[in-house]
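Annotation source Swiss-Prot lists domain 'ACB' at 3-88, citing sequence analysis. According to Swiss-Prot, the acyl-CoA binding site annotation covers TYR30, GLY31, LEU32, TYR33, LYS34, LYS52, LYS56, TYR75, on the basis of similarity to another entry.
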Amino acid sequence: MGLKEEFEEHAEKVNTLTELPSNEDLLILYGLYKQAKFGPVDTSRPGMFSMKERAKWDAWKAVEGKSSEEAMNDYITKVKQLLEVAASKAST
């Protein structure tokens, strides 16, 4: 399985989490996903009254130095971590 296929698979797996990840984890995933799929952020930063959109933009901007492949690998690693945490909580 190639990197792109594994990335797409983990993008689907994240939807199977039984517990919603923290906002911090969600923003990390968002930034990595956008960087992997679209490359560096290409829009202006949302205004201060659009707090949710601004946080998402900041998360994407934070990873703009990563290549698409690096972002895919980091995304896969993060999803695996979240799945492991969910599995350990389910077994206790």
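Even glycines carry a Cβ here, placed using N, Cα and C.
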In DSSP terms, the domain 'ACB' (3-88) comprises 62 helix, 0 strand, 24 coil
Checking the binding-site residues TYR30, TYR33, TYR75 for other Cβ atoms within 10 Å of each Cβ, the smallest tally belongs to TYR30
If you count the other CB atoms within 10 A of the CB of LYS52 (acyl-CoA binding site), including all protein chains displayed, you should get 10
Across all protein chains shown, the one of the binding-site residues LYS34, LYS56 with the most other Cβ atoms within 10 Å of its Cβ is LYS34
